[in-house]
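Visitor: Grabbed the feature section from TrEMBL, which reads as follows:
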DOMAIN    1-55  domain 'WHEP-TRS'
DOMAIN    57-389  domain 'Aminoacyl-transfer RNA synthetases class-II family profile'
BINDING   Asp126, Leu127, Thr128, Arg153, Gln169, Asp173, Arg322, Tyr326, Tyr327  L-histidine binding site
Amino acid sequence: MADEAAVRAQAEAVRRLKQDKADPDEIAKEVAKLLEMKAQLGGDEGKHKFVLKTPKGTRDYSPKQMAIRERVFNAIITCFKRHGAEVIDTPVFELKETLTGKYGEDSKLIYDLKDQGGELLSLRYDLTVPLARYLAMNKITNIKRYHIAKVYRRDNPAMTRGRYREFYQCDFDIAGQFDPMIPDAECLKIVHEILSDLQLGDFLIKVNDRRILDGMFAVCGVPDSKFRTICSSVDKLDKMPWEEVRSEMVGEKGLSPEAADRIGEYVQLHGGPDLIERLLQDPKLSQNKLAKEGLGDTKLLFEYLTLFGITGKISFDLSLARGLDYYTGVIFEAVLLQQENDHVEEPVSVGSVAGGGRYDGLVGMFDPKGRKVPCVGVSIGIERIFSILEQRVEASEEKIRTTETQVLVASAQKKLLEERLKLISELWDAGIKAEVLYKKNPKLLNQLQYCEETGIPLVAIVGEQELKDGVVKLRVVATREEVNVRRESLVEEIRMRTSQP
(Lines of atoms letter the chains of each structure in order from A and count residues from 1; the text may use other names and numbers.)
(Lines give C-alpha, C1' and ligand atoms only; values in the text may rest on other atoms or scores of the structure.)
Protein backbone atom coordinates (compact mmCIF):
# COMPACT_ATOMS: atom_id res chain seq x y z
CA MET A 1 0.00 0.00 0.00
CA ALA A 2 1.20 3.53 -0.77
CA ASP A 3 1.51 6.04 2.08
CA GLU A 4 1.10 9.82 1.81
CA ALA A 5 4.85 10.49 1.80
CA ALA A 6 5.34 8.12 -1.19
CA VAL A 7 2.51 9.86 -3.06
CA ARG A 8 4.05 13.28 -2.38
CA ALA A 9 7.46 12.04 -3.59
CA GLN A 10 5.88 10.63 -6.79
CA ALA A 11 4.00 13.91 -7.40
CA GLU A 12 7.27 15.81 -7.05
CA ALA A 13 8.97 13.43 -9.52
CA VAL A 14 6.18 14.07 -12.07
CA ARG A 15 6.48 17.84 -11.56
CA ARG A 16 10.25 17.70 -12.21
CA LEU A 17 9.79 15.63 -15.38
CA LYS A 18 7.28 18.17 -16.71
CA GLN A 19 9.60 21.03 -15.82
CA ASP A 20 12.48 19.35 -17.65
CA LYS A 21 10.20 18.76 -20.68
CA ALA A 22 10.92 15.03 -20.53
CA ASP A 23 9.63 12.53 -23.09
CA PRO A 24 5.75 12.60 -23.04
CA ASP A 25 5.65 8.78 -22.77
CA GLU A 26 7.85 8.83 -19.67
CA ILE A 27 5.69 11.54 -18.08
CA ALA A 28 2.52 9.57 -18.89
CA LYS A 29 4.00 6.45 -17.25
CA GLU A 30 4.90 8.32 -14.05
CA VAL A 31 1.48 10.06 -13.94
CA ALA A 32 -0.23 6.66 -14.26
CA LYS A 33 1.89 5.40 -11.33
CA LEU A 34 0.91 8.48 -9.27
CA LEU A 35 -2.81 7.97 -9.98
CA GLU A 36 -2.52 4.31 -8.95
CA MET A 37 -0.84 5.28 -5.69
CA LYS A 38 -3.51 7.90 -5.00
CA ALA A 39 -6.26 5.34 -5.69
CA GLN A 40 -4.66 2.91 -3.16
CA LEU A 41 -4.40 5.71 -0.63
CA GLY A 42 -8.07 6.52 -1.11
CA GLY A 43 -8.84 3.05 0.29
CA ASP A 44 -12.61 2.87 0.01
CA GLU A 45 -13.81 2.46 -3.58
CA GLY A 46 -16.88 4.53 -2.84
CA LYS A 47 -14.83 7.50 -1.67
CA HIS A 48 -12.89 7.83 -4.95
CA LYS A 49 -13.16 11.41 -6.20
CA PHE A 50 -13.40 11.95 -9.94
CA VAL A 51 -11.30 14.69 -11.47
CA LEU A 52 -13.81 16.62 -13.55
CA LYS A 53 -11.81 17.96 -16.45
CA THR A 54 -11.34 17.32 -20.16
CA PRO A 55 -8.02 15.70 -21.18
CA LYS A 56 -5.17 18.14 -21.88
CA GLY A 57 -5.40 19.76 -25.29
CA THR A 58 -9.13 19.07 -25.70
CA ARG A 59 -12.24 21.06 -24.88
CA ASP A 60 -16.01 20.92 -24.60
CA TYR A 61 -18.11 23.25 -26.73
CA SER A 62 -21.10 25.03 -25.24
CA PRO A 63 -24.27 25.59 -27.31
CA LYS A 64 -23.16 29.21 -27.86
CA GLN A 65 -19.73 28.12 -29.11
CA MET A 66 -21.31 25.48 -31.33
CA ALA A 67 -23.63 28.09 -32.85
CA ILE A 68 -20.59 30.18 -33.87
CA ARG A 69 -18.80 27.04 -35.08
CA GLU A 70 -21.75 25.91 -37.20
CA ARG A 71 -21.96 29.33 -38.79
CA VAL A 72 -18.28 29.02 -39.81
CA PHE A 73 -18.69 25.42 -41.05
CA ASN A 74 -21.71 26.44 -43.15
CA ALA A 75 -19.78 29.27 -44.82
CA ILE A 76 -16.88 26.92 -45.62
CA ILE A 77 -19.07 24.04 -46.87
CA THR A 78 -21.08 26.46 -49.04
CA CYS A 79 -17.82 27.59 -50.67
CA PHE A 80 -16.56 24.01 -51.20
CA LYS A 81 -19.89 23.03 -52.79
CA ARG A 82 -19.89 26.15 -54.97
CA HIS A 83 -16.63 24.81 -56.44
CA GLY A 84 -18.17 21.40 -57.20
CA ALA A 85 -16.69 19.28 -54.41
CA GLU A 86 -18.02 15.91 -53.23
CA VAL A 87 -17.68 14.81 -49.60
CA ILE A 88 -15.97 11.69 -48.16
CA ASP A 89 -15.18 10.35 -44.68
CA THR A 90 -12.45 7.96 -43.42
CA PRO A 91 -11.81 6.15 -40.10
CA VAL A 92 -10.47 8.16 -37.16
CA PHE A 93 -7.56 5.70 -36.89
CA GLU A 94 -5.38 4.19 -39.59
CA LEU A 95 -2.81 1.40 -39.67
CA LYS A 96 0.34 2.83 -38.09
CA GLU A 97 2.39 2.09 -41.23
CA THR A 98 -0.02 4.21 -43.30
CA LEU A 99 0.98 7.33 -41.36
CA THR A 100 4.65 6.58 -40.67
CA GLY A 101 7.24 8.62 -42.56
CA LYS A 102 4.83 11.08 -44.20
CA TYR A 103 5.19 14.08 -41.91
CA GLY A 104 8.92 14.78 -41.57
CA GLU A 105 9.91 16.02 -38.12
CA ASP A 106 6.25 16.15 -37.03
CA SER A 107 6.00 12.32 -37.07
CA LYS A 108 6.83 12.32 -33.34
CA LEU A 109 3.41 13.92 -32.75
CA ILE A 110 1.46 10.91 -34.06
CA TYR A 111 -0.73 9.23 -31.40
CA ASP A 112 -0.08 5.47 -31.38
CA LEU A 113 -2.77 3.19 -29.96
CA LYS A 114 -2.21 -0.04 -28.03
CA ASP A 115 -2.23 -3.24 -30.10
CA GLN A 116 -5.87 -4.29 -30.55
CA GLY A 117 -6.61 -7.54 -32.32
CA GLY A 118 -3.20 -7.85 -33.96
CA GLU A 119 -3.18 -4.46 -35.74
CA LEU A 120 -0.87 -1.58 -34.87
CA LEU A 121 -2.98 1.56 -35.20
CA SER A 122 -2.49 5.32 -34.89
CA LEU A 123 -4.98 8.18 -34.70
CA ARG A 124 -5.03 10.20 -37.92
CA TYR A 125 -2.70 13.22 -37.87
CA ASP A 126 -4.34 15.02 -40.80
CA LEU A 127 -6.88 14.30 -43.56
CA THR A 128 -4.44 14.30 -46.49
CA VAL A 129 -2.64 10.98 -45.91
CA PRO A 130 -6.00 9.16 -45.35
CA LEU A 131 -7.21 10.69 -48.66
CA ALA A 132 -4.12 9.35 -50.48
CA ARG A 133 -4.69 5.91 -48.94
CA TYR A 134 -8.38 6.05 -49.96
CA LEU A 135 -7.53 7.00 -53.58
CA ALA A 136 -4.88 4.26 -53.93
CA MET A 137 -7.06 1.61 -52.29
CA ASN A 138 -10.07 2.37 -54.51
CA LYS A 139 -8.01 3.02 -57.66
CA ILE A 140 -9.50 6.53 -57.98
CA THR A 141 -7.55 8.77 -60.32
CA ASN A 142 -9.86 11.77 -60.39
CA ILE A 143 -11.84 13.44 -57.59
CA LYS A 144 -12.59 16.86 -56.16
CA ARG A 145 -13.52 16.32 -52.54
CA TYR A 146 -13.88 18.01 -49.21
CA HIS A 147 -13.57 16.37 -45.81
CA ILE A 148 -14.29 17.96 -42.42
CA ALA A 149 -13.31 15.85 -39.41
CA LYS A 150 -11.29 15.68 -36.21
CA VAL A 151 -7.56 14.91 -36.24
CA TYR A 152 -5.16 14.16 -33.38
CA ARG A 153 -1.66 15.35 -32.46
CA ARG A 154 0.39 14.42 -29.41
CA ASP A 155 1.44 18.01 -28.99
CA ASN A 156 2.03 20.21 -25.94
CA PRO A 157 -0.57 22.65 -27.13
CA ALA A 158 -1.00 26.37 -26.58
CA MET A 159 -4.79 26.28 -26.32
CA THR A 160 -5.12 30.05 -26.09
CA ARG A 161 -3.72 30.28 -29.62
CA GLY A 162 -6.19 27.77 -31.03
CA ARG A 163 -3.80 24.77 -30.86
CA TYR A 164 -5.14 21.49 -29.52
CA ARG A 165 -4.46 17.75 -29.38
CA GLU A 166 -7.89 17.04 -30.87
CA PHE A 167 -9.17 19.49 -33.45
CA TYR A 168 -11.11 19.82 -36.67
CA GLN A 169 -9.60 20.16 -40.11
CA CYS A 170 -11.50 21.36 -43.17
CA ASP A 171 -9.83 20.09 -46.35
CA PHE A 172 -10.54 20.63 -50.03
CA ASP A 173 -8.46 18.67 -52.56
CA ILE A 174 -8.38 18.19 -56.33
CA ALA A 175 -6.84 14.91 -57.52
CA GLY A 176 -6.19 14.09 -61.16
CA GLN A 177 -4.01 14.76 -64.20
CA PHE A 178 -4.77 18.31 -65.35
CA ASP A 179 -3.02 21.17 -67.12
CA PRO A 180 -0.54 22.97 -64.83
CA MET A 181 -1.67 25.46 -62.19
CA ILE A 182 -5.41 25.61 -63.04
CA PRO A 183 -6.52 23.54 -59.99
CA ASP A 184 -3.79 25.20 -57.88
CA ALA A 185 -5.17 28.65 -58.73
CA GLU A 186 -8.69 27.48 -57.78
CA CYS A 187 -7.44 26.36 -54.33
CA LEU A 188 -6.06 29.85 -53.72
CA LYS A 189 -9.32 31.41 -54.94
CA ILE A 190 -11.20 29.23 -52.40
CA VAL A 191 -8.97 30.47 -49.55
CA HIS A 192 -9.58 34.05 -50.70
CA GLU A 193 -13.38 33.52 -50.85
CA ILE A 194 -13.60 31.89 -47.40
CA LEU A 195 -11.42 34.45 -45.60
CA SER A 196 -13.28 37.33 -47.28
CA ASP A 197 -16.66 35.80 -46.42
CA LEU A 198 -15.81 35.22 -42.74
CA GLN A 199 -14.65 38.87 -42.39
CA LEU A 200 -11.73 38.05 -40.13
CA GLY A 201 -9.85 41.19 -41.10
CA ASP A 202 -6.94 41.81 -43.45
CA PHE A 203 -5.11 38.71 -44.69
CA LEU A 204 -2.26 37.73 -46.98
CA ILE A 205 -1.74 34.45 -48.85
CA LYS A 206 1.96 33.58 -49.16
CA VAL A 207 2.92 31.37 -52.10
CA ASN A 208 6.12 29.45 -52.87
CA ASP A 209 7.10 26.20 -54.61
CA ARG A 210 8.95 23.22 -53.16
CA ARG A 211 10.96 22.94 -56.40
CA ILE A 212 12.18 26.53 -56.02
CA LEU A 213 13.20 25.76 -52.42
CA ASP A 214 15.00 22.55 -53.39
CA GLY A 215 16.73 24.30 -56.30
CA MET A 216 17.72 27.15 -54.00
CA PHE A 217 19.13 24.70 -51.41
CA ALA A 218 21.12 22.95 -54.16
CA VAL A 219 22.69 26.16 -55.52
CA CYS A 220 23.43 27.36 -51.97
CA GLY A 221 25.44 24.19 -51.28
CA VAL A 222 23.06 22.23 -49.02
CA PRO A 223 23.72 18.46 -49.30
CA ASP A 224 20.75 16.43 -50.64
CA SER A 225 20.47 14.53 -47.34
CA LYS A 226 19.86 17.81 -45.46
CA PHE A 227 17.15 19.29 -47.79
CA ARG A 228 14.17 18.27 -45.64
CA THR A 229 15.66 19.15 -42.27
CA ILE A 230 16.86 22.56 -43.53
CA CYS A 231 13.41 23.05 -45.05
CA SER A 232 11.79 22.64 -41.63
CA SER A 233 14.22 25.28 -40.22
CA VAL A 234 13.27 27.75 -42.98
CA ASP A 235 9.61 27.02 -42.14
CA LYS A 236 10.16 28.68 -38.73
CA LEU A 237 10.95 32.09 -40.27
CA ASP A 238 7.42 33.33 -39.59
CA LYS A 239 7.99 32.75 -35.85
CA MET A 240 11.75 33.33 -35.42
CA PRO A 241 14.18 35.98 -36.73
CA TRP A 242 16.68 34.91 -39.43
CA GLU A 243 19.59 34.96 -36.93
CA GLU A 244 17.96 32.22 -34.81
CA VAL A 245 17.03 30.13 -37.84
CA ARG A 246 20.59 30.47 -39.15
CA SER A 247 22.10 29.33 -35.84
CA GLU A 248 19.74 26.31 -35.79
CA MET A 249 20.88 25.37 -39.32
CA VAL A 250 24.55 25.73 -38.48
CA GLY A 251 24.61 24.72 -34.80
CA GLU A 252 22.03 21.94 -34.60
CA LYS A 253 21.86 20.69 -38.18
CA GLY A 254 25.50 20.95 -39.18
CA LEU A 255 25.12 23.19 -42.24
CA SER A 256 28.16 25.21 -43.27
CA PRO A 257 27.91 28.93 -42.34
CA GLU A 258 28.57 29.88 -46.02
CA ALA A 259 25.58 27.80 -47.24
CA ALA A 260 23.40 29.30 -44.51
CA ASP A 261 24.37 32.84 -45.52
CA ARG A 262 23.62 32.11 -49.18
CA ILE A 263 20.17 30.78 -48.18
CA GLY A 264 19.65 33.96 -46.15
CA GLU A 265 20.03 36.10 -49.29
CA TYR A 266 17.08 34.31 -50.91
CA VAL A 267 14.65 33.51 -48.09
CA GLN A 268 14.23 37.15 -47.12
CA LEU A 269 12.80 38.03 -50.55
CA HIS A 270 9.08 38.44 -51.21
CA GLY A 271 7.06 40.16 -53.92
CA GLY A 272 5.02 39.37 -57.01
CA PRO A 273 5.50 38.67 -60.74
CA ASP A 274 8.42 41.12 -60.89
CA LEU A 275 10.34 39.04 -58.30
CA ILE A 276 9.61 35.86 -60.30
CA GLU A 277 11.07 37.53 -63.42
CA ARG A 278 14.13 38.65 -61.42
CA LEU A 279 14.76 35.10 -60.14
CA LEU A 280 14.30 33.63 -63.63
CA GLN A 281 17.25 35.86 -64.62
CA ASP A 282 19.25 34.94 -61.46
CA PRO A 283 22.58 33.47 -62.71
CA LYS A 284 22.58 30.65 -60.12
CA LEU A 285 18.88 29.74 -59.86
CA SER A 286 18.24 29.86 -63.61
CA GLN A 287 20.86 27.13 -64.06
CA ASN A 288 18.95 24.77 -61.76
CA LYS A 289 16.35 22.62 -63.57
CA LEU A 290 14.01 22.25 -60.55
CA ALA A 291 14.06 25.93 -59.61
CA LYS A 292 13.45 26.93 -63.23
CA GLU A 293 10.41 24.62 -63.48
CA GLY A 294 9.04 25.95 -60.19
CA LEU A 295 9.52 29.58 -61.21
CA GLY A 296 7.89 28.94 -64.61
CA ASP A 297 4.83 27.40 -62.94
CA THR A 298 4.65 30.17 -60.33
CA LYS A 299 4.65 32.73 -63.14
CA LEU A 300 1.73 30.87 -64.78
CA LEU A 301 -0.06 30.67 -61.42
CA PHE A 302 0.13 34.45 -61.01
CA GLU A 303 -1.38 34.89 -64.50
CA TYR A 304 -4.43 32.82 -63.44
CA LEU A 305 -4.68 34.60 -60.08
CA THR A 306 -4.73 37.90 -61.97
CA LEU A 307 -7.71 36.61 -64.01
CA PHE A 308 -9.43 35.68 -60.72
CA GLY A 309 -8.74 39.23 -59.50
CA ILE A 310 -7.07 38.22 -56.21
CA THR A 311 -3.37 39.09 -56.66
CA GLY A 312 -3.76 42.05 -54.25
CA LYS A 313 -3.80 39.52 -51.38
CA ILE A 314 -1.07 37.18 -52.74
CA SER A 315 2.67 37.41 -52.01
CA PHE A 316 5.38 35.24 -53.59
CA ASP A 317 7.48 34.55 -50.50
CA LEU A 318 10.74 32.57 -50.59
CA SER A 319 10.73 32.01 -46.82
CA LEU A 320 7.57 29.89 -46.99
CA ALA A 321 8.59 26.24 -46.63
CA ARG A 322 5.77 24.27 -44.90
CA GLY A 323 7.44 21.44 -43.00
CA LEU A 324 5.45 18.45 -44.28
CA ASP A 325 7.47 15.98 -46.33
CA TYR A 326 4.87 15.19 -48.95
CA TYR A 327 4.69 18.55 -50.81
CA THR A 328 6.18 18.48 -54.31
CA GLY A 329 5.18 21.74 -56.02
CA VAL A 330 3.28 24.91 -55.14
CA ILE A 331 2.83 25.56 -51.41
CA PHE A 332 0.81 28.33 -49.77
CA GLU A 333 -0.26 29.66 -46.41
CA ALA A 334 -2.78 32.35 -45.48
CA VAL A 335 -2.00 34.61 -42.53
CA LEU A 336 -4.13 37.21 -40.80
CA LEU A 337 -2.57 40.65 -40.58
CA GLN A 338 -2.89 43.08 -37.75
CA GLN A 339 -2.07 46.74 -38.23
CA GLU A 340 -0.40 47.54 -34.90
CA ASN A 341 -0.69 51.31 -35.38
CA ASP A 342 -0.49 54.02 -38.03
CA HIS A 343 3.31 54.33 -37.79
CA VAL A 344 3.99 50.69 -38.72
CA GLU A 345 5.03 50.31 -42.36
CA GLU A 346 4.22 46.59 -42.61
CA PRO A 347 1.25 44.86 -40.99
CA VAL A 348 2.12 42.22 -38.39
CA SER A 349 1.09 38.60 -38.95
CA VAL A 350 -1.09 37.14 -36.19
CA GLY A 351 -0.92 33.56 -37.37
CA SER A 352 -1.75 31.11 -40.09
CA VAL A 353 -5.44 30.40 -40.86
CA ALA A 354 -5.09 28.19 -43.96
CA GLY A 355 -2.40 26.27 -45.78
CA GLY A 356 -1.83 23.71 -48.48
CA GLY A 357 -0.02 22.82 -51.62
CA ARG A 358 0.67 20.25 -54.30
CA TYR A 359 1.62 16.68 -53.40
CA ASP A 360 2.01 14.60 -56.54
CA GLY A 361 3.83 11.62 -55.02
CA LEU A 362 1.74 10.73 -51.97
CA VAL A 363 -0.87 8.46 -53.62
CA GLY A 364 1.93 6.62 -55.46
CA MET A 365 3.48 5.72 -52.08
CA PHE A 366 0.38 3.62 -51.35
CA ASP A 367 -0.29 2.23 -54.82
CA PRO A 368 1.12 -1.32 -55.23
CA LYS A 369 2.25 -0.40 -58.77
CA GLY A 370 3.42 3.08 -57.74
CA ARG A 371 0.86 4.78 -60.02
CA LYS A 372 0.91 8.50 -59.34
CA VAL A 373 -2.21 10.61 -58.91
CA PRO A 374 -1.27 14.31 -58.87
CA CYS A 375 -3.07 16.21 -56.07
CA VAL A 376 -3.36 19.75 -54.81
CA GLY A 377 -5.29 20.82 -51.75
CA VAL A 378 -5.98 23.33 -49.03
CA SER A 379 -6.75 23.00 -45.33
CA ILE A 380 -8.69 25.78 -43.57
CA GLY A 381 -7.48 26.41 -39.99
CA ILE A 382 -10.92 26.19 -38.48
CA GLU A 383 -9.76 26.19 -34.82
CA ARG A 384 -7.75 29.38 -35.25
CA ILE A 385 -10.64 31.06 -37.06
CA PHE A 386 -13.06 29.84 -34.42
CA SER A 387 -11.05 31.23 -31.48
CA ILE A 388 -10.78 34.63 -33.25
CA LEU A 389 -14.56 34.79 -33.85
CA GLU A 390 -15.30 33.58 -30.32
CA GLN A 391 -13.13 36.32 -28.80
CA ARG A 392 -14.82 38.86 -31.07
CA VAL A 393 -18.30 37.77 -29.95
CA GLU A 394 -17.21 37.92 -26.28
CA ALA A 395 -15.82 41.44 -26.74
CA SER A 396 -18.89 42.75 -28.55
CA GLU A 397 -21.33 40.98 -26.18
CA GLU A 398 -23.35 40.03 -29.25
CA LYS A 399 -26.28 37.78 -28.32
CA ILE A 400 -25.95 34.42 -30.05
CA ARG A 401 -29.03 32.27 -30.63
CA THR A 402 -28.33 28.63 -29.87
CA THR A 403 -31.58 27.23 -31.33
CA GLU A 404 -33.46 27.84 -34.56
CA THR A 405 -36.96 27.59 -33.06
CA GLN A 406 -39.40 29.72 -35.06
CA VAL A 407 -42.42 29.58 -32.77
CA LEU A 408 -43.45 28.63 -29.22
CA VAL A 409 -46.90 27.08 -28.90
CA ALA A 410 -48.43 28.63 -25.78
CA SER A 411 -51.77 28.86 -24.02
CA ALA A 412 -53.40 31.70 -22.11
CA GLN A 413 -55.63 29.55 -19.89
CA LYS A 414 -55.39 26.31 -17.93
CA LYS A 415 -56.33 22.83 -19.16
CA LEU A 416 -55.20 23.39 -22.74
CA LEU A 417 -52.21 21.02 -22.83
CA GLU A 418 -53.98 18.67 -25.29
CA GLU A 419 -54.71 21.54 -27.66
CA ARG A 420 -51.11 22.76 -27.46
CA LEU A 421 -49.79 19.26 -28.24
CA LYS A 422 -52.21 18.85 -31.18
CA LEU A 423 -51.13 22.20 -32.64
CA ILE A 424 -47.38 21.63 -32.17
CA SER A 425 -47.69 18.23 -33.84
CA GLU A 426 -49.32 19.90 -36.88
CA LEU A 427 -46.45 22.43 -37.00
CA TRP A 428 -43.74 19.77 -36.69
CA ASP A 429 -45.37 17.69 -39.44
CA ALA A 430 -45.32 20.79 -41.67
CA GLY A 431 -41.56 21.24 -41.04
CA ILE A 432 -41.90 24.22 -38.68
CA LYS A 433 -39.31 24.44 -35.89
CA ALA A 434 -41.47 24.70 -32.78
CA GLU A 435 -41.30 24.22 -29.01
CA VAL A 436 -43.74 23.88 -26.12
CA LEU A 437 -43.09 24.22 -22.39
CA TYR A 438 -43.24 20.88 -20.57
CA LYS A 439 -45.86 21.95 -18.03
CA LYS A 440 -49.57 21.22 -17.98
CA ASN A 441 -50.61 24.75 -17.06
CA PRO A 442 -47.75 27.22 -17.58
CA LYS A 443 -48.35 30.91 -16.93
CA LEU A 444 -48.50 32.99 -20.11
CA LEU A 445 -45.87 35.37 -18.68
CA ASN A 446 -43.41 32.46 -18.18
CA GLN A 447 -43.97 31.31 -21.76
CA LEU A 448 -43.34 34.80 -23.15
CA GLN A 449 -40.26 35.18 -20.92
CA TYR A 450 -38.87 31.91 -22.31
CA CYS A 451 -39.14 33.38 -25.84
CA GLU A 452 -37.31 36.54 -24.76
CA GLU A 453 -34.46 34.51 -23.21
CA THR A 454 -33.95 32.12 -26.14
CA GLY A 455 -34.68 34.52 -29.01
CA ILE A 456 -37.79 32.71 -30.32
CA PRO A 457 -39.44 35.30 -32.61
CA LEU A 458 -43.11 34.15 -32.55
CA VAL A 459 -45.67 32.75 -30.09
CA ALA A 460 -48.74 30.83 -31.29
CA ILE A 461 -51.32 31.21 -28.51
CA VAL A 462 -54.31 28.85 -28.23
CA GLY A 463 -57.20 29.89 -25.99
CA GLU A 464 -60.84 28.83 -25.57
CA GLN A 465 -62.16 31.70 -27.71
CA GLU A 466 -59.56 31.08 -30.46
CA LEU A 467 -60.51 27.38 -30.56
CA LYS A 468 -64.19 28.30 -31.01
CA ASP A 469 -63.35 30.77 -33.80
CA GLY A 470 -60.93 28.34 -35.59
CA VAL A 471 -58.00 30.78 -35.23
CA VAL A 472 -54.63 30.99 -33.47
CA LYS A 473 -53.34 34.21 -31.94
CA LEU A 474 -49.85 34.85 -33.38
CA ARG A 475 -47.72 37.21 -31.29
CA VAL A 476 -44.49 38.84 -32.51
CA VAL A 477 -42.18 38.75 -29.47
CA ALA A 478 -40.07 41.79 -30.44
CA THR A 479 -42.98 44.23 -31.12
CA ARG A 480 -45.72 42.54 -29.02
CA GLU A 481 -48.03 42.90 -32.02
CA GLU A 482 -50.79 40.23 -32.08
CA VAL A 483 -52.86 38.97 -35.03
CA ASN A 484 -55.49 36.28 -35.32
CA VAL A 485 -54.60 33.78 -38.05
CA ARG A 486 -56.91 31.06 -39.41
CA ARG A 487 -55.65 27.65 -38.26
CA GLU A 488 -55.25 26.42 -41.88
CA SER A 489 -53.13 29.50 -42.78
CA LEU A 490 -50.88 29.34 -39.70
CA VAL A 491 -48.01 27.36 -41.27
CA GLU A 492 -47.82 29.75 -44.23
CA GLU A 493 -47.95 32.81 -41.94
CA ILE A 494 -45.09 31.48 -39.72
CA ARG A 495 -42.97 30.65 -42.79
CA MET A 496 -43.52 34.12 -44.22
CA ARG A 497 -42.66 35.89 -40.98
CA THR A 498 -39.51 33.84 -40.24
CA SER A 499 -38.05 33.42 -43.72
CA GLN A 500 -34.59 34.95 -43.99
CA PRO A 501 -34.45 38.09 -46.17
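Note: Cβ is positioned from N, Cα and C throughout, glycine not excepted.
In TrEMBL, annotation is done automatically, which means it is predicted and not curated.
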Visitor: Could you tally the C-beta atoms, other than its own, that fall within 10 angstroms of the C-beta of Arg322 (L-histidine binding site)?
Guide: 23
Visitor: Quick one: of Thr128, Gln169, which of the binding-site residues has the smallest count of other CB atoms within 10 A?
Guide: Gln169
Visitor: So what's the mean pLDDT when you look at the domain 'WHEP-TRS' (1-55)?
Guide: 78
Visitor: Would you mind splitting the domain 'WHEP-TRS' (1-55) into helix, strand and coil residue counts from DSSP?
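Guide: DSSP classes over the domain 'WHEP-TRS' (1-55) add up to 38 helix, 0 strand, 17 coil.
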Visitor: Excluding near sequence neighbours, so keeping only residues 6 or more apart in the same chain, what lies with its CB under 8 A of Asp126 (L-histidine binding site)?
Guide: Tyr103, Val151, Gln169, Asp171, Ser379
